[in-house]
Amino acid sequence: MTDPTETTPEAPAPALQWAPASPAPKRRRWGLRIGIPAAAATVGLVAASLVLIAPGTAVAGVPVGFLTAGAASDAIAQRLASTTVTLGEGGPSVTGAQLGAIVDAGTLAGQAYHDRPLWNVAQWFGDTADADIDLDATTATAALQQIAPGSFTAPTPAAIVFADDAYTVTPAVDGRGIDLDVVTAALQDAFSSGRSDIVIDATVVPVSAAATTEKAQAAADRLNAMLDEIGFYVGEERTVAVSPADAASWLTISTDDAGEFVVTADAARIQEVVDSLDIDQKVVDGTVVTNAAGDVLSEIVAGQDGRVLGDTSGVAAAFAAQLATGSGVYALPVAVTPQKTTELERLLEVDLSKQRLYLKENGKVVDTWLISSGRPGAVTYQGHYSIGWKTASQDMQGTARDSGKKYTQEDVPWVMYFNGNQAFHGAYWHNNFGNVMSAGCVNMPPAKAKKIYDWSPVGVDVWIHA
């Protein structure tokens with residue numbers, strides 16, 4: 001037994017340890033897990049509504065709802081390309097692609113999206129939009145000929161031929177073939193109604209050549225007009241003419257796919273003519289006769305401009321290009337020295353008081369001699385006149401104003417009328433010049449009358465005075 005009063009050794013204090021903390025319960029983020037996908041879906045729907053076409057939208061029977069404009073364009077084009085036209089029950093078939101069917105798919109799809117976007121709920125399930133189609137005539141004809149050759153006879157195109165210095169036309173002759181309008185209408189019907197194929201009766205109609213008689217005639221008319229003027233020009237002058245036959249040898253007439261007549265010219269053939277051009281000339285000053293009004297009455301010396309041909313290295317090619325447009329007037333490159341023209345203003349002046357005629361040029365007397373004018377009672381009338389008409393010889397008849405007697409004077413030479421029946425002329429029946437003798441005319445020795453006859457063109461001024 002232990003004495004309660006005994007002191008026992010003290011037991012060691014127990015070690016103190018921290019228990020690990022229990023992990024806190026995780027927070028449940030249900031809102032994020034649900035909200036992010038929902039937001040993404042919402043953004044996607046909004047984005048889609050901005051680029052997609054509304055559901056229930058169709059273009060000519062082609063559903064384009066929930067498609068982008070680009071995808072819709074492809075769908076429209078593919079549907080048309082695959083639509084089939086069959087010539088009679090059980091007959092041969094051809095697709096829209098083979099027929100060269102054409103539809104503006106891009107514009108139609110773009111318009112569908114513009115009019116009926118997905119976001120505009122009010123435009124969902126709207127009416128079908130129309131779409132016009134067309135056929136490439138050349139492609140369609142070739143495709144139909146391949147499957148139904150017996151339905152076609154090729155037309156004969158009009159032709160242009162050169163003969164006897166002119167172009168003439170050989171008329172076109174119609175062929176026969178399947179009516180493309182019927183095929184187009186059938187394809188349009190199938191495409192618009194959403195059908196993938198359609199059967200038609202192969203209606204055969206006359207087929208005109210692309211190069212029609214009317215087109216050929218119009219082209220021939222243009223060519224003939226060109227032949228009338230073709231040449232190498234200096235100013236308004238056709239300095240070197242080109243004959244129709246030579247011009248035709250330069251030209252080739254063909255037709256394009258549209259049947260239009262096309263003219264091409266051989267620059268090498270033209271170059272042969274260019275190499276032979278010889279148009280240089282010296283300047284020659286001219287002299288002309290005028291009246292007081294400045295009218296040119298005659299040409300004493302024909303003047304001409306001097307000219308020197310310039311660089312011709314590009315002429316043949318340029319003329320060939322010009323001929324293709326229908327113009328046959330080619331302006332040559334030349335250096336021109338203008339002529340100078342001397343004007344001689346001529347006047348026949350009669351001084352009755354001196355019984356003298358003066359020949360004047362530019363106001364100066366160049367010759368003069370005595371004449372006989374009208375006697376008293378049959379005077380030569382004073383005034384300003386001009387030579388009206390002339391004759392080298394004439395029998396003159398009349399009644400003398402002073403005596404009333406009739407007279408006839410045969411073979412009067414070098415007659416020039418200036419005032420009614422009053423004229424200058426030669427008088428072989430007297431030699432009393434310097435005195436009044438005549439019945440009103442102005443007469444003179446025949447040799448002098450011939451001189452003024454040659455010196456005075458019609459229109460020369462005449463002045464009779466005292």
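Using the three backbone atoms N, Cα and C, a Cβ is placed for every residue, glycine included.
TrEMBL has this to say about the protein:
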| type | residues | note |
| --- | --- | --- |
| COMPBIAS | 1-15 | compositional bias 'Low complexity' |
| REGION | 1-22 | region 'Disordered' |
| TRANSMEM | 34-54 | transmembrane segment |
| DOMAIN | 346-465 | domain 'L,D-TPase catalytic' |
| ACT_SITE | His425 | active site, proton donor/acceptor |
| ACT_SITE | Cys441 | active site, nucleophile |
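Spacing of Cys441 (active site, nucleophile) relative to His425 (active site, proton donor/acceptor) is 8 Å (Cα to Cα, whole number).
Look at His425 (active site, proton donor/acceptor): DSSP puts it in a strand. Mapped onto three states, the DSSP output places Cys441 (active site, nucleophile) in coil.
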